[in-house]
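Structure provided below as structure tokens; questions to follow.
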Amino acid sequence: MDPTRTLVTVWAALIIATAVSVAIHLGLGAGAAAIVAVLVLAFVKVWLVGRHFMELRDAPAILRRLFDGYVVVVPVVLAGILLLS
Amino acid sequence: MTDLRVRAATTADATVDTVPDSAGPRGLTELRVQQWCVWSAPLFVVLLFGGLLLAGWVPPPAPGMTAAEVAAMYAQNPDLKRLGFIVVFLGGGVSAGLVAAIHHQLRRIPGARPLALLQVMGGTLGVAAVSAPAIVWMAAAYRPGRDPEITQALHDMAFIPFIGNLVPFLVQAVAIGVAVLMQDPDRPRLPRWLGFYNLWTAFLTLPGLLLIFFHGGAFAWNGLLVFWVVATVFGGWFLVMFTVLRARLRAEAA
Amino acid sequence: MTGVRTEPDRVIADDGEHMPGEAGIWIFVLGDMVVFAVCFAVLALVHAQDPAGYAVAQDVLHLWLGVVNTVVLVTSSLTMALAVHAARAGRPRRAASLVLATMAGAVVFVAVKAVEYTDLVAAGHTARSSDFFLYYFCFTGLHLLHVVIGLGVLAGVLRIVRRTAPTRHEMGLVESGAGYWHMVDLLWLVLFGLLYTLG
């Protein structure tokens, strides 16, 4: 895919993910499932921005790993705080 | 004037410093003195946090304490606390060594002389930002029998600037950050990442300014964002500057 | 000292790896992301202490203004990424208009936030109202500061991309500025998720 099309596709995915998270919020309301869904959607969006907009896709491995680590560790910690306390 | 400009140009061009270094008595060169100066950074960190530990203030006392609680706290291990205050006071003075060593590097970056001066101003006020609260703590601990309200006022007067007086440091870090990024990208005297690092550090101190609104929570003077994040970043900054300057001076010596 | 003199060599290196922007900007970006992670954890703690109170306070927020700002920021991130591609392709006019579009997005974001703040304060919801609003104002305020600084960064990027042939070093600065702007975007995505949609 040419770069412009990839970027526009990523943009569309981000918009759709936002719409889905709002729909979940309005539909599901509170609860563990909604919390997990909101976190997963938010950090999938973060990952998409990092990988495609920030061009981490082509970045040195160390940078990619740090970023990927962030995208995994932070939501897990947040889920731990939100669900376990 | 011409001489200065030529000299600036040569230093910018050479990877290793070529400024003639006139030795002082007993062969003490500027390089040698700088190598000592940079050690003030880890020494400062040890004295600052060591002094706080002696006073029993890691983590800092809660800002929500009543006057009676504050007075009782000062009455507990008073001499150990006083010793801690002296150690923090000394730490503040010691940190000046690093300011001098940084100045020595920045002033040789072409065009960055005003920033080198600004760094000294920020760093010098930073010394006061540590020393002045230490003096007020000394005064607070001086007369344990006095009205607790007065001790509490002195306690606030020391703690608010001690944790919150970050503007001098902000000025210093921004001056360093901009000066480092002004270097010729092909022949940097100091690594360019150090510039971004300083700007980031400067930025991080900003939440500290909010502490006067809070008596509890993440933004209070003992809070997660204002004490723990800022203390880590601030202490870390001294160690990073130490490591980078030491590497730089080693390269100059080689 | 590895990575000390990272020069943005070229667009895609032979081994397929390319450091986006200068190595140094990543200290800033990742460092800021870590600090914001602490902020996210604070919000999670506020929610964990009183989920019902969190939900009540959250319902007061203007969800749709938050959605508008999310769309604005995501779109400005897209135009920024496209601008970098245009600059690399040697199309300065296209790159400059795309950076201008990004800056317009930043201005709209600030304006919407100003409307939101004034409306909340007018309705009596201030940082003193509850823990939720305290951190809402502090964290979105901190983020807004990033946006305002970003406007300055983007103005610098605009000056470079207007030139017909930016040097490699200058392209590195453009990529660094873009990286900063995408960070502003992704921090907002998490803040939006936690503040507006966490049931």
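Keep in mind that glycine also has a Cβ here, set from the backbone N, Cα and C atoms.
The following feature annotations were taken from TrEMBL:
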TRANSMEM  B:36-58  transmembrane segment
TRANSMEM  B:83-103  transmembrane segment
TRANSMEM  B:115-139  transmembrane segment
TRANSMEM  B:159-182  transmembrane segment
TRANSMEM  B:194-214  transmembrane segment
TRANSMEM  B:220-245  transmembrane segment
Is it the case that the transmembrane segment (B:159-182) and the transmembrane segment (B:36-58) have 3 or more CB pairs under 8 Å, with pairs at least 6 apart in sequence?
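No, the transmembrane segment (B:159-182) does not contact the transmembrane segment (B:36-58).
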Using a threshold of three or more Cβ pairs below 8 Å, and leaving out pairs closer than 6 in sequence, do the transmembrane segment (B:220-245) and the transmembrane segment (B:194-214) count as in contact?
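By the criterion, they touch.
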Do any residues of this chain, six or more beyond the ends of the transmembrane segment (B:36-58), have a C-beta under 8 angstroms from a C-beta of it, and if so which?
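76-77, 80-81, 83-92, 94-98, 100-101, 130, 134, 137, 235, 238-239, 241-242, 245-246, 249.
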Which sequence-distant residues neighbour the transmembrane segment (B:220-245)? Criterion: at least 6 residues beyond either end, Cβ under 8 Å.
34, 38-39, 41-42, 44-45, 48-49, 59-64, 95, 98, 101-102, 105, 159-160, 163-164, 166, 169, 173, 190-191, 194, 197-198, 201, 204-205, 207-208, 210-211, 214
